[in-house]
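Everything below concerns the one structure shown next.
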Amino acid sequence: MDVSKVLILTLIWLLTADSAPPDYVTLTRKMESKILRVMGLSERPRPKPNATAPQYMWDLYRQQMAATEGAAASRGGETEIGKEEEEDGRPCSETKLSSNIIRSVSHTGGDLRASNSTSLQQILLFDVASIPHAETIEAADLRLEIPALPSATDVPSLAVRIYQLESRTRLNSIVSLKDKRLRLLDVVLADLSQGYAGTIDILSTVNSWRSKKTSNHGLLLHVELMSTSGNNRRGSQVIKELGAISKKCTANLIVTSSEYRQCSKRNRRNKRQAESEAPADISSFPTASLTNLCQRHRLFVSFRDVGWENWIIAPMGYQAYYCDGECPFPLGERLNGTNHAIIQTLVNSIDNRAVPKVCCAPTKLSGISMLYFDNNENVVLRQYEDMVVEACGCR
């Protein structure tokens, strides 16, 4: 079953589980377990009470929300009926993106500490085994944030070097840059008075860790003050100041991955064509009033009400909508029925025992972005498709 369908069913059942019979509650919990597995979670995540999402992930979430709202606004002139893309069911050779997944993986290594009077070091360890193998990693970046030292305007830049450790190293140990176990991945310069926030591409390294778990010995972050023109005392002082705020220096692995699924070719039926074929007077339907016709209705799903607010960061709920209403005979184009639905309605009108009536169902769906903690307290931003009903029709 598609993840979005499972999620919708689970949320509806969880909302009514408290007043339900024991068997119903058991079924609800089983459905919850299923959706958690589909999401790559072994159980309900239980992040620490003070756990927060990095600002960077919040920014990405808001960007996705803005893009979604912009797309919705551009469709504002369309009606809920008559904008369907018909699917002919033929498989296509291409694949389409099922979901975009962005994870912020926190490191479990040592502390940032002075290695000498002009540099600091930190060993970074990242658990990439938590990324499901069903996902294809598209990008992997080390995101570094070093706070600004406004008093450091009189010192040169910082050289930030990232090395891959090719053998096991004790945490909080000082590693010589001449050590043969080090492989330089990248070096960037940072103005300490302005601080630094940026990413370094380490996709090849992460892929090597993923293909061979025993090769994951982590990274070495080496931060060194460039030459202070003989003023070693000032350089040493700046390094001490930076060391004092080392807890504010952050290093996270940002992994972008995707899941793919087979797609189907679609034949577009444009709105203008549907309107030109529609009956001039929709009120002429004999068996249903306008208010009872198949249409979209509001349905707000609250994650707080189902007890998921501890691990879902955003949104706390969303408008899912649902389809309900009659599909009367004759079935007009404005009810967005397929050719099959029109034929089925005709046969049903002749002999209602031969075939059932067609049903009011979603004909166009859109996705939502969710920001949440996984079982390893990684922050995940994921786009789930087919979560919001955009249009309804008779099927």
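Numbering starts at 1 and runs along the chain as it is shown here.
Cβ coordinates are placed from backbone N, Cα and C, and glycine is handled just like the others.
According to Swiss-Prot, the feature signal peptide maps to 1-19, an assignment based on sequence analysis. What Swiss-Prot lists as N-linked glycosylation site is Asn50, Asn116, Asn336. Summarising the annotation, Swiss-Prot assigns region 'Disordered' to 69-97. Sequence annotations record features per position, and here Swiss-Prot assigns disulfide bond to Cys294-Cys360, Cys323-Cys392, Cys327-Cys394 based on similarity to another entry.
Comparing the Cα of Cys360 (disulfide bond) with the Cα of every entry in Asn50, Asn116, Cys327, Cys392, Cys394, these being the recorded positions, the smallest distance points to Cys394. Secondary structure at Cys294 (disulfide bond), taken from DSSP and collapsed to helix, strand or coil, is coil.
Spatially, by CA atoms, the recorded positions Asn50, Asn116, Cys294, Cys327 include one closest to Cys392 (disulfide bond), and that is Cys294. Cys294 (disulfide bond) sits 6 Å from Cys327 (disulfide bond), counting Cα to Cα.
Comparing Asn50 (N-linked glycosylation site) with Cys394 (disulfide bond), their Cα atoms are 48 Å apart once rounded. Cβ contacts within 10 Å of Asn116 (N-linked glycosylation site), excluding its own Cβ and spanning all protein chains shown: 11. Asn50 (N-linked glycosylation site) has a Cβ environment of 5 other Cβ atoms inside 10 Å.
For the pair Cys323 (disulfide bond) and Asn116 (N-linked glycosylation site), the Cα-Cα distance reads 67 Å. Comparing local CB density within 10 A for the disulfide-bonded residues Cys360, Cys394, the maximum falls on Cys394. If you measure from the Cα atom of Cys327 (disulfide bond) to that of Asn116 (N-linked glycosylation site), you get 78 Å.
A straight line from the CA of Asn116 (N-linked glycosylation site) to the CA of Cys394 (disulfide bond) spans 73 Å. Around the Cβ of Cys392 (disulfide bond), a 10 Å sphere holds 26 further Cβ atoms from the protein chains shown. Neighbour counts of Cβ atoms within 10 Å were compared across the disulfide-bonded residues Cys294, Cys323, Cys327; the minimum falls on Cys323.
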